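A.B. asks: Take a look at the following structure, please.
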Amino acid sequence: LPFSSIPEIQGSLFCLVLLMYLSTLVGNILIIMITMIDAALHSPMYFFLKNLSFLEIGYTTSTIPKMLVNFLRKRKGISFLGCATQMYAFSLLGITECCLLAAMAYDRYVAICHPLRYTTMMSWNMCFLLSAVSWLTGVLVALEQTTFIFTLPYCGPNRINHFFCDLLPLLKLACVDTYKNEIITYIIAVLCVMVPFLLIVVSYVRILHTILKMPSAGGKRKTFSTCSSHLFVVTLFYGSGIVTYLRPKAFYSSSSNKLLSLSYTLMSPMMNPLIYSLRNKEVKQALKRLIAK
């Protein structure tokens, strides 16, 4: 089904979403280029940031181009295989991002709470290991979820009340009682979303404890500024994701679900490069050097 049922605003919505999608691509590609080219940014923190930008590009591309095509078509549809592929890609990249944000929080924890041991605790081998575990978790959990959903019997309604193939709208179309399936889906969501989130919370509790013990206000501000960008990104991504998937059924509506989904499928990936470039002096200096070259 279309994002909005009002035909008159389809053209305006298309232009707005296209502009946001192009901004997302340009911003994240620029972050990847800067972190690859500038030697001053060859550190674990920016290795994870580069991974995050790559994830954001794939994350938005798994849903937004199809949404843009449907804005222009009278008959809006997607094949069964295309729907399964879209859901797998979206789940894989979303779960991987949850894990990667936890890895980035751990990096900031080590940098602030154990600065003298940072180079040994966050070696390049450790960075690659954390990144690989994040991707492997995403691949395996998304495969299990997609197989689980698409082996259900679908024999009647084929109208998905969403702008992409998402878990909950698809479950509503199955021809069997999906109560047990919904419980399993929620358990997976709690494990894959809340466990990394709790690791992030624990990391930041330790970080704040260390910062508060610092004697000077200037030192506190300078130290907190090294992790403030990541904290903004976590709040933006997890805030909309948790409200979308873990809120009670009594508060669920298709219109609010679409708006919330748009916030974490497009708004969050678009804002990330802005947050990191505007709040990070090293990224701003690297960008100036790149423009000068």
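Heads up, the Cβ atoms here are built off N, Cα and C, so glycines get one too.
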A.B. asks: Checking feature assignment: transmembrane segment per TrEMBL, candidates 153-171, 229-247. Which range matches?
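C.D. replies: When 153-171, 229-247 are checked in TrEMBL, transmembrane segment belongs to 229-247.
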A.B. asks: Just to confirm my parser: what is the rounded mean pLDDT across the domain 'G-protein coupled receptors family 1 profile' (27-276)?
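C.D. replies: Residues in the domain 'G-protein coupled receptors family 1 profile' (27-276) carry a mean pLDDT of 84 in this prediction.
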